[in-house]
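Written out below as structure tokens is the structure these notes cover.
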């Protein structure tokens, strides 16, 4: 099975890096094509993958075709992909806001298509990704693609009608979390702690809290109650967050991203 990447941005670069570092994929079975040749050269030099000279080159040499271009570039790329489609191809998209029917409109309803949504943490092999597949995708094709994305984190199947919600809590939430961690650190600076120390403490506290939820299987509010002693310090902060509409602000952010993603799908 050979893998071809069309578009070599940060996300596809992270995926290629994960594939090569895993030891499960032969770099000479991975092809990359990018309009900017320097990006292709950098990846071939760093990881030993093969450089493709065109989309046709990718399509003629590869079985799994990963579309890593920005959504607005797809109308230019997909006609070229269709021109060189073969029976052995499975098309994988990581473009936000573009559902399977969008790709079927450019390709065909019998083309095997898998839609995947990774997140930025793929850059360190810690992505939370999801996928949905069109009916023509075979079990073997699906396993090849799932194995690919497992090299950069975890991946689960999500029905396509829930993809916009996943885009928020799986794809956009890292940005929210980065903001929260930075806010904690800046607040600590205001209280007199050096920023680098505060940032390290805040990031590790959030990391540990996430692990606690996953490993303990307890409800998050039950864990909040465990931290809050009657009349203690933590409950004062929790009450302040509630008074300042912390949860409502999160809900509004989730709704904003979800609605934007749904509009992209129209």
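For all residues, glycine too, the Cβ spot is worked out from N, Cα and C.
The following features are taken from TrEMBL:
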BINDING   6, 7, 8, 9, 10, 11  NADP(+) binding site
DOMAIN    2-97  domain 'Pyrroline-5-carboxylate reductase catalytic N-terminal'
DOMAIN    160-264  domain 'Pyrroline-5-carboxylate reductase dimerisation'
- Note on the structure: Across every protein chain in view, the count of C-beta atoms other than its own within 10 A of the C-beta of residue 11 (NADP(+) binding site) is 20
- Here the mean pLDDT of the domain 'Pyrroline-5-carboxylate reductase dimerisation' (160-264) is 96
- Same-chain residues at least 6 apart in sequence whose Cβ lies under 8 Å from residue 8 (NADP(+) binding site): 16, 32, 33, 34, 39, 40, 43, 68
- Within 10 angstroms of the C-beta of residue 6 (NADP(+) binding site), what count of other C-beta atoms is obtained when all protein chains are considered? 26
- Message: If I restrict to non-local contacts, at least six residues apart, and a C-beta distance under 8 angstroms, what lies near residue 7 (NADP(+) binding site) in its own chain?
- Response: 33, 34, 67, 68, 69, 70, 73, 77
- Task: For the domain 'Pyrroline-5-carboxylate reductase dimerisation' (160-264), give the DSSP counts of helix residues, strand residues and coil residues.
- Result: 91 helix, 0 strand, 14 coil
- Message: From the DSSP assignment alone, can you count helix, strand and coil residues within the domain 'Pyrroline-5-carboxylate reductase catalytic N-terminal' (2-97)?
- Response: 47 helix, 18 strand, 31 coil
- Query: Same-chain residues six or more away whose CB lies under 8 A from the CB of residue 10 (NADP(+) binding site)?
  - Reply: 120, 123
- Task: Starting from the Cβ of residue 9 (NADP(+) binding site), draw a 10 Å sphere and report how many other Cβ atoms land inside it.
- Result: 14
